[in-house]
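Feature annotation from TrEMBL assigns domain 'Wax synthase' to 187-273. Residues or ranges marked as transmembrane segment in TrEMBL: 7-26, 32-49, 127-144, 156-182, 238-259, 266-285, 297-322.
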């Protein structure tokens, strides 16, 4: 853990320097092949940087922010698209966090009436909501210590809840810190996914919203545009959806490799391919019925969430817990962190007493 912190600082210093270079390139070149060739070394570098980190708490988020979010946003930036390409160009102080963090600056809307208060942003969560999720996540330590007494399927189900609450809390913390330093508002990354009424609702509007918005212009839109010339606009979304899930599968396999440093076993890829095909079938059925008939939300919602949970327990979570041993890694790092903080506290106390006596 002690060696990881200097590596973490080094990785992010290099990342900031690389993004500063990309910001300068954006001023010197026009969107297109020239800018892409200038930025391409940074994209390859961002695939390499996470290999310098080995912990799940520092290496996991860093690999997601750099190898996935930053690289996809830089690809869009190379062609004058995406959140990094604005008119007028955004400042470097906004360019860097926007490039590598799961954030999206909100547009400030003018008030229609003088003295009227702005409405709460859509999907914005209350502190009470986060407090409940923090309490749920806090029970993970007790479950980990007693997992030998709990059925393995129940363990997987509980860990799926901890994964969701942990992800939401971590991303909310990152957004809050960025908000405090940059003074801007941000959109939440999850919109209560357990309330989804369909697979399309779950993946498109509720789960990891920023990733969905990055995959849409980088994968979905180009494939849909090409497919529409071959099979027409009506059915073009189907190959676009499957292609998007294929890319998502590859990126998840890469992130899991960064975390566990183990070879892929491809259950993760099967999970995303299965969901991609099922989502394509769902869209095809909606297109076929042309909106004239749909299952009631009270029925389609539980069916969709049951499918997500069952396939997640079958294919997704084993890759995280068996292949990467994420729970063991997380507990080991938690213990190392608490011991480190105790050592710091023991070091600070005698020194503070010496300072008081000297006065």
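Placement of Cβ uses the backbone N, Cα and C atoms for every residue, glycine included.
What you see is a predicted model, and the numbers here were worked out from it, not measured in a lab.
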(request) Run the contact check on the transmembrane segment (297-322) against the transmembrane segment (32-49): 3 or more C-beta pairs under 8 Å, excluding pairs closer than 6 in sequence. (result) no
(message) Given a Cβ distance threshold of under 8 angstroms, which distant residues of the chain, six or more beyond its ends, lie next to the transmembrane segment (266-285)?
(response) 198-200, 203, 235, 237-239, 241-242, 244-246, 248-250, 252-253, 256, 307-308, 311-312, 314-316, 318-319
(request) Sort out the residues at least 6 away from either end of the transmembrane segment (156-182), same chain, that have Cβ-Cβ distances under 8 Å to it, and list them. (result) 61, 93-94, 97, 101-103, 125, 130, 133-134, 136-137, 140, 143, 150, 188-190, 193, 208, 309, 312-313, 317-318, 320-321, 327
(message) Same chain only, please: residues at least 6 beyond the ends of the transmembrane segment (32-49) with a C-beta under 8 Å from a C-beta of the stretch. Say none if there are none.
(response) 11, 14-15, 18-19, 21-22, 25-26, 62, 66-67, 70-71, 74-75, 77-80, 254
(request) Go ahead and report the DSSP secondary structure tallies for the domain 'Wax synthase' (187-273): helix first, then strand, then coil. (result) 65 helix, 0 strand, 22 coil
